[in-house]
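Taken straight from Swiss-Prot:
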{"type": "ACT_SITE", "residues": "GLU108", "note": "active site, proton acceptor"}
{"type": "DOMAIN", "residues": "114-352", "note": "domain 'Radical SAM core'"}
{"type": "DISULFID", "residues": "CYS121-CYS357", "note": "disulfide bond"}
{"type": "BINDING", "residues": "CYS128, CYS132, CYS135", "note": "[4Fe-4S] cluster binding site"}
{"type": "BINDING", "residues": "GLY178, GLU179, SER212, SER235, LEU236, HIS237, ASN314", "note": "S-adenosyl-L-methionine binding site"}
{"type": "ACT_SITE", "residues": "CYS357", "note": "active site, S-methylcysteine intermediate"}
Amino acid sequence: MATPVKLQFAAPKRGMPPVHMADLDEETLKERVQELGLPKFRADQIRRQYYGRLQGDPMEMTDLPESKRAAVKEALFPELMQPMRNMDADDGETRKTLWRLHDGTMLESVLMRYPGRATLCISSQAGCGMACPFCATGQGGLDRNLSVGEMVEQARAAASTMQEEGGRLSNIVFMGMGEPLANYKRVVETIRKVSAPAPDGFGISQRNITVSTVGLAPAIRKLADEEMKVRLAVSLHTPDDELRDELVPVNNRWSVEEVLDAARYYADTSGRRVSIEYALIRDMNDQPWRADLLGKKLRGALGTKVHVNLIPLNPTPGSKWDASPKDRQDEFVRRVEAQGVPCTVRDTKGQEIAAACGQLAAEER
């Protein structure tokens, strides 16, 4: 019997970052602005600059009194994250950014450009406590949860980059470092902020936001009750409990059946189709019978409200596993679709710079 893997649902007790303007609601921001000796309406100007014009430096907010900009910066705009390194791949279409946070913690985010859209893969935690053995992030353990401000700042930085290029950040996927539903409250607040229209947010449609989870079943149901329109992606990786206990250790807490029941509740409540993420690993979870079982289970649990996203395993340092050969991958797709479940192979970006799914490790190399 395998040795139980220790999971980290609660982040270690570490100091959270200083409060940033993006952490505050409208009324609290007005109070803070008044404490600086400014009238309330200046709070609206700050919000329009930050969310509407993507300006993160009060010293450049020309509609604020010049004599007050330094005070606004000190009180409301602490430097939460500093870019340490950018790495580009896919002929410049993919950029991975390594960030150093205020306490020295490191994290990564990935901006991916596609024809007609730009997607940010955002981190919700520094590290991850779910301990999936094929994922570089999970093997590094959990440092701490990210604040709302730290997540919103990842989005603002990416949106600003796209604006400079004459484009627009259109999609956000919570598929970076961390288990989003283990940082539940802050992730939900971040979603509401980035999806609100300016000057309350960046105006990114909730339908263009995806939240990925390894399967925290109660949190999936709770997310459904938030009545948001974000897409749910469940990292399933195998349809049977025996193997999933090993590949996704949280399965020892919530079984495949419990996770799929929660996913069905989410689909019924939100009206959104659920995405099932499946990293295809050679001789581990790519057998024809597993493809058949996956299709049958998903069809039974979710009916037509499901889509399988097959991910060729991305290499990580020291891993004993590798991706399935293409002929086996194609056969897997065929068998899943034979059960009436749509199945596509993900267009993996950023593999050469360790920016693809499961590769983020925030190492300062």
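Here the Cβ of each residue, glycine as well, is placed from N, Cα and C on the backbone.
Where Swiss-Prot records a feature, it is marked here on the structure.
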{"residue": "GLU108", "record": "active site, proton acceptor", "DSSP (3 states)": "strand"}
{"residue": "CYS121", "record": "disulfide bond", "DSSP (3 states)": "strand"}
{"residue": "CYS128", "record": "[4Fe-4S] cluster binding site", "DSSP (3 states)": "coil"}
{"residue": "GLU179", "record": "S-adenosyl-L-methionine binding site", "DSSP (3 states)": "coil"}
{"residue": "SER212", "record": "S-adenosyl-L-methionine binding site", "DSSP (3 states)": "strand"}
{"residue": "SER235", "record": "S-adenosyl-L-methionine binding site", "DSSP (3 states)": "strand"}
{"residue": "ASN314", "record": "S-adenosyl-L-methionine binding site", "DSSP (3 states)": "coil"}
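Largest Cα to Cα distance within the recorded S-adenosyl-L-methionine binders GLY178, GLU179, SER212, SER235, LEU236, HIS237, ASN314: about 19 Å as a whole number. In the three-state DSSP scheme, CYS135 ([4Fe-4S] cluster binding site) is classed as coil. Annotated pair ASN314 (S-adenosyl-L-methionine binding site) and CYS135 ([4Fe-4S] cluster binding site), C-alpha to C-alpha distance, rounded: 9 Å. All chains included, 22 other C-beta atoms sit within 10 angstroms of the C-beta of CYS132 ([4Fe-4S] cluster binding site). GLY178 (S-adenosyl-L-methionine binding site) and CYS135 ([4Fe-4S] cluster binding site) are 11 Å apart (CA-CA, integer value). Cα separation, LEU236 (S-adenosyl-L-methionine binding site) to CYS121 (disulfide bond), rounded: 19 Å. Here the binding-site residues are SER212, SER235, ASN314, and the one with the most other Cβ atoms within 10 Å of its Cβ is SER235.
The separation of CYS128 ([4Fe-4S] cluster binding site) from GLU179 (S-adenosyl-L-methionine binding site), Cα to Cα, is 6 Å.
The binding-site residues near CYS121 (disulfide bond), taking a 10 angstroms Cα-Cα threshold over the set CYS128, CYS132, GLY178, SER235, HIS237, amount to none.
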